[in-house]
């Protein structure tokens, strides 16, 4: 491994416990050096939350650290190995352009990974150059921070540094490195890798590390690996329900993009739905709609079944019994997902308690929204405001009948209309990272080096549930529909 310039580490207390795992799970790898560095965007609030020195990170040494030009003393950067099912096909993968610099403990004792994306080739790069484009890294920064503002578990973005490099794709583009923060980068694909290429002892070592890092041992009795499986199923059911509730389409739900921590990861071909349509697909390579908006819950359980398969040797010594345990756990996913999603949809309609007829109320509204091509976000925010003039569907006889049924449902509960409105305000964002506004910010940044448009967008995305000062510019529905917007796996 090539020697790197060292920064005397008086600012960040990084560890790397991952290297205590079997060595086939990673490769020691320094980031590549870049010709020039410019700190394009820096997340001061995240740095503060993590207890990081903002002064150091914005200094010359700090920017060199964030670009990969320098590493901290006594740290061992690594690239992680993993496998995965990509569009249903199993393949060997790994960090092809990402380097894990280390782990830090936040002020409340929680452990986080610090990873550089676009930091050069690794042993897992296959034919790639290991680099990333400025546009793709800024896009991940915007959308991941938007997801955080929406209250959805996600990896975070600490900084983007432009590198002065030309990155060759279909055209020559500006290069950049993004600093990603995650509770960990352990994926379903990590378990698939060790299950296929390691021993049972190595699988157990990974599972034990995961339990120690993400779950409290005191919380379970009996077989800890059954507990691990059940907790991952629960966290993924909850995560995907949150995606559905805000109209988020991930676009590349391969098993290597399913985190054990329950965080959203990989913002390549993702986007937010404008017009409500379960068949919405944005990814240019998802030609069969495998990862369409309406398919995401089903893909979630498919991915979790792949995770359960990796744990079979740890669930029970008898294979038949292990399979039965796994199937029993997986069978709980549907009820868990429906519980989280219906609870969320009731909240979007100001409903506190549960009644069976709520399902029909919710589904009939969604059916109307699809037929009238209603904007998903604005339908619910306008219902929250009581504004029934801005959406064509609201003038229909069918909607007026639905509206009366909904109002009667609200009257049937103990909470007041004001309490229902407050619940709706907490559940229905007025602002999402709309595709047209994200693109507008990226064009200004990349073509004109004007980052003010992006900063304005980031500012409003911090408070998407603020009904006291709605910024209409960011809530206007674009004239073109969701179907015309295409995304690419740039990140």
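For all residues, glycine too, the Cβ spot is worked out from N, Cα and C.
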Check your understanding: Of the candidates 111, 180, which does Swiss-Prot annotate as part of the ATP site that also includes 94, 96, 97, 117, 129, 130, 187, 266?
Key -> 180
Point to revise | Pairwise Cα distance for residue 256 (active site, proton acceptor)/residue 129 (ATP binding site) [Å, integer] | key: 20
Exercise for review: With ATP as the bound species and 94, 96, 97, 117, 129, 130, 180, 187, 266 as its recorded binding residues, calculate the greatest Cα-Cα distance and give it in Å as a whole number.
Suggested key: 23
Point to revise | Cα-to-Cα gap, residue 180 (ATP binding site) vs residue 257 (Mg(2+) binding site), nearest whole Å | key: 14
Exercise for review: Under 8 Å Cβ to Cβ from residue 257 (Mg(2+) binding site), same chain, six or more residues apart: give me those in sequence order, or none if nothing qualifies.
Suggested key: 84, 187, 189, 250, 265, 266
**Study point:** Cβ-based isolation winner (fewest other Cβ atoms within 10 Å) among the binding-site residues 97, 180
**Key:** 97
Practice item. Pick the one among the recorded positions 129, 256, 266 whose Cβ has the fewest other Cβ atoms within 10 Å in this structure. Key: 129
Review point. Under a criterion of Cβ-Cβ distance under 8 Å and sequence separation of at least 6, what residues of the same chain contact residue 94 (ATP binding site)?
Key: 79, 80, 81, 82, 122, 123, 124, 193
